[in-house]
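Take a look at the structure set out below.
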Amino acid sequence: MEYLPLIIILTPLLAIPLIFYSGERNKNLREFWSVLASVIMFLLVLSLLPSVLQGKDYHFTLFQLLPGISFSFRVDALGFLFAVGASFLWILTTFYSIGYMRGHKELNQTRYFSFFAVALSTTMGVAFSANLFSMFLFYEALTLATYPLVGHGTDEEAKRGSRKYVIYLLGAAKLLLVAAIVITYNLAGTLEFHYGGIFPQAAIAQKVLLSILYLMFIYGFAKCAIMPLHGWLPAAMVAPTPVSALLHAVAVVKTGVFTVLRVTLFIFGAQTLATLWGRDVAIFMAAFTITVASIIALTRDNLKARLAYSTISQLSYILLGAFMLTPSAIMGAIFHITTHAFAKITLFFCAGSIIVCSHKTEVSQLSGLAKRMPITMAAFFIGSLSMIGIPSSGGFISKWFLLNGTMEMHSTILLFVFLLSTVLNAGYFLPVAYKAFFEKEKVDAHSHHYTKNIIENPFMAVPLLITAVISILLGWFPGIFLHLARMVLAGF
């Protein structure tokens with residue numbers, strides 16, 4: 001059992017030679033290997049559930065570099081929660097990719113599915129890392145694995161977007177993250193994750209240093225897209241829509257907030273952080289990001305750009321929940337990783353389906369589209385409800401905990417930020433549904449955006465329908481996810 005995290009990480013990598021061997025000669029076989037690897041990996045992750053629920057904390061060390069620095073893996077409630085959500089969504093994203101890449105007639109599909117597998121492997125590595133050293137290696141490997149996916153297109157815009165992506169993420173890692181890890185090791189003598197933090201009393205007394213160190217970690221993990229290091233995310237929208245789903249829901253940005261949660265709870269600890277002014281700065285920046293990104297989303301007509309700024313805002317929900325350090329806020333932050341993942345991947349799946357089937361990219365072009373793409377637009381509406389936090393949706397449960405967290409903290413300002421953001425969410429999501437369902441289609445047979453016969457691709461329609469339904473089911477049956485979140489809290 002202790003070797004299982006390593007086997008999970010290696011499973012997608014073992015599929016890569018088979019994907020390459022099949023190549024363009026046998027596309028069906030190539031995609032079969034991709035689907036098979038994702039299904040096997042999900043089942044392996046799921047097999048960990050009984051042990052996690054029993055409170056067993058598996059630990060496996062591959063090698064030790066220095067005292068307190070090892071390449072090792074662990075399975076705990078937080079890592080499992082992240083891994084099971086990502087691995088399940090990867091199955092659906094793989095099916096969706098088949099429909100999108102074929103429907104859009106994308107080039108270099110073998111390369112795409114190969115790097116897709118590498119990204120999946122490194123995401124599992126982040127989830128099951130036992131210390132900062134291991135997590136950093138997988139975190140950076142994920143950046144390198146997704147770089148060719150972001151720059152999958154051959155035009156200049158794709159090249160610019162991928163350059164910005166890698167400069168932001170690798171630059172932040174080199175300038176801030178490496179330095180933060182070195183300082184942490186010098187202060188604590190270890191990089192191992194530990195409930196309640198790892199700093200000795202002498203280090204805790206250095207409030208200024210620890211405050212700066214905490215901010216270095218937050219901005220070093222730039223995948224969390226907190227302002228001002230958010231510009232890479234809208235720039236990465238040049239990528240194929242399945243990659244956008246990968247960036248926004250499954251792996252990349254969720255890896256960013258997951259690593260911040262790890263550092264917050266397992267490196268610093270709630271008691272230490274509560275005494276640092278760096279936490280106050282982090283709270284302000286997260287609240288600022290939530291508000292400003294929501295306002296920017298209101299101004300974007302391009303559907304994927306609107307969704308991108310929505311993601312920036314929603315990620316800071318998770319960060320703010322972690323920074324508040326109250327039980328309800330942390331519960332909300334952990335559960336919002338899951339609820340946002342399913343709702344946001346639904347919205348990006350819908351955006352990709354709209355692009356492939358109707359060739360429309362702007363919100364202003366979507367009038368009357370629900371009559372021609374009923375499954376896609378119904379799923380978009382359901383995903384929007386969860387993102388807004390309408391009762392009976394998964395998003396409502398996570399936001400409810402976050403709102404309770406503001407009351408536990410006695411912060412009227414943060415309560416107002418969450419409520420204002422909810423109103424803004426409705427302001428940029430509901431007009432999309434209104435246009436599609438209640439406005440008449442503007443027919444211009446000579447426009448390149450007009451498609452006479454629209455048929456929803458089953459490879460794309462089925463995954464987005466599944467994720468939309470789960471977005472609602474999470475509001476009715478959140479039990480197992482909330483139980484895992486409570487297990488994380490039990491350590492503090």
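Note: Cβ is positioned from N, Cα and C throughout, glycine not excepted.
Note: TrEMBL annotation is automatic and uncurated.
Source: prediction; values computed, not measured.
Copied over from TrEMBL:
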type: DOMAIN; residues: 69-113; note: domain 'NADH-Ubiquinone oxidoreductase (complex I) chain 5 N-terminal'
type: DOMAIN; residues: 129-424; note: domain 'NADH:quinone oxidoreductase/Mrp antiporter transmembrane'
type: TRANSMEM; residues: 6-23; note: transmembrane segment
type: TRANSMEM; residues: 35-53; note: transmembrane segment
type: TRANSMEM; residues: 77-100; note: transmembrane segment
type: TRANSMEM; residues: 112-130; note: transmembrane segment
type: TRANSMEM; residues: 165-188; note: transmembrane segment
type: TRANSMEM; residues: 208-233; note: transmembrane segment
type: TRANSMEM; residues: 245-269; note: transmembrane segment
type: TRANSMEM; residues: 281-303; note: transmembrane segment
type: TRANSMEM; residues: 315-335; note: transmembrane segment
type: TRANSMEM; residues: 378-401; note: transmembrane segment
type: TRANSMEM; residues: 413-438; note: transmembrane segment
type: TRANSMEM; residues: 459-485; note: transmembrane segment
Name the range, of those listed as 6-23, 245-269, 413-438, that has the largest tally of Cβ pairs under 8 Å with the transmembrane segment (35-53).
6-23
Within the same chain, where does the transmembrane segment (165-188) have neighbours whose Cβ lies under 8 angstroms from its own Cβ atoms, ignoring anything closer than 6 residues to its ends? I mean 6 or more beyond.
68-69, 132-133, 136, 139-140, 143, 146-147, 150-151, 198-200, 203, 206, 209, 213, 216-217, 219-223, 229, 231-232, 235-236, 267
Please work out the mean pLDDT for the residues of the domain 'NADH-Ubiquinone oxidoreductase (complex I) chain 5 N-terminal' (69-113).
83
Give the residue counts of the domain 'NADH-Ubiquinone oxidoreductase (complex I) chain 5 N-terminal' (69-113) per reduced DSSP state, in the order helix, strand, coil.
32 helix, 7 strand, 6 coil
